[in-house]
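Features reported for this protein in TrEMBL:
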DNA_BIND  A:33-52  DNA-binding region
DOMAIN    A:10-70  domain 'HTH tetR-type'
There are 2 protein chains.
Amino acid sequence: MTEQRKRGSTASKEALLDAARDLFAERGYDRTTVRDIAGRAGVNQALLFRYFGSKEALFAAVVARSGRDRLAGSPPDQVFARILRGILDKEHHGDHAMRIMLRSTGEDAVAREIHDRLGQDYIRALAGTTGHPDAALRAHLVLAWIVGIDLLRSVTGAEPLAGADSDHVMACVLPAVRTLLEQVQDIPSHSDT
Amino acid sequence: MTEQRKRGSTASKEALLDAARDLFAERGYDRTTVRDIAGRAGVNQALLFRYFGSKEALFAAVVARSGRDRLAGSPPDQVFARILRGILDKEHHGDHAMRIMLRSTGEDAVAREIHDRLGQDYIRALAGTTGHPDAALRAHLVLAWIVGIDLLRSVTGAEPLAGADSDHVMACVLPAVRTLLEQVQDIPSHSDT
DNA sequence: CGGTGATGTAAGCAAGCGCTTACCATCGGA
DNA sequence: TCCGATGGTAAGCGCTTGCTTACATCACCG
């Protein structure tokens, strides 16, 4: 009769991960209960603990799966454009990394870890595009802009930013970023790789 | 016997508001319990409910008190600099508006309301500084940058941004913002393959 | 078959939560 | 002096939380 018998462990795990990802993004870590997750996944609550051990471990698994293929390794002078494009087009692939991070800042270490892992690659790549003595600071400022844009678009959904055409947004932002990164005081000329 | 008798209702209310403001900023709404708040305020838990009715009403009171004197009314071409300065110097006056907003996004309406009230003034003032047809979008991008800088500094405490000299940061950011706001409509070709 | 391990489930436990209740202690005015 | 109003407190209620336990149900293999 009931055909939801024996879906298989990997399928159940995957369903739990998907449900958890969506709910964490919607409500944040604290306002999401394990009963909610299991319910949306169509899986008994006890299985969540059998497969992941704890709610926090589930969260870690969600984060780990989300931050897997984040930015392969691309020419540094296009990094910013690629990142920005990825964020602006985010509706296409339901990643929700930023929303999860911001909505679930309860466990500080976790959020910090996400930020570091997500940010360090960006920073390194961006800092390589300029020869400033304060290249790291300027790269962080660029990251800050990305984070802010992502936040206003995906979390608060503020118009007109949220609905703006991504090409248009990039055409606005890129020249300003170029000003920030290229604005030179005195650069000793050594070529970068 | 015990000498902490009769502190007075307004003093107790103020102590509760201060403790709540700090704890909400530190841990977020959900991870802050009314017992924590009362404990830090040195006030009996039941008084919290006598004076404010509920935990959520306390939160609303904190927000209301925080967002009171936000940006009087200043020459529009200096708005961005003033806002940025205010954020960068925030350690001096324990406001925590942004941290509270971001840490306590559970109640969506509240966070949204904060954002709107906090943002609309900025947006209006900034949009007045440029004659672009998409002035609003560009103003929102500036707000996004502010939000991102504030987030990275105050919430995640990311270095080198968090520890950077505010004059230095402003010297980096302002020219780029000027590029964003003054840049005329024809767009320089972007290096893309 | 029979048993062994993986999958799924109902029921409930201990703890923490927001909030309430019933009760002191103090003071100002009559 | 008595009394009501006000400030303060201990105890606990009802509920939800994350997590556990004991028990069915299947698949597979000797």
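Including glycine, each Cβ sits where the backbone N, Cα and C put it.
TrEMBL entries are annotated by machine, without manual review.
Sequence-distant contacts of the DNA-binding region (A:33-52) (same chain, at least 6 residues past either end, Cβ-Cβ under 8 Å): 4, 7, 9, 12-13, 15-16, 18-20, 22-23, 58, 61. Helix, strand and coil counts from DSSP across the DNA-binding region (A:33-52) read 16 helix, 0 strand, 4 coil.
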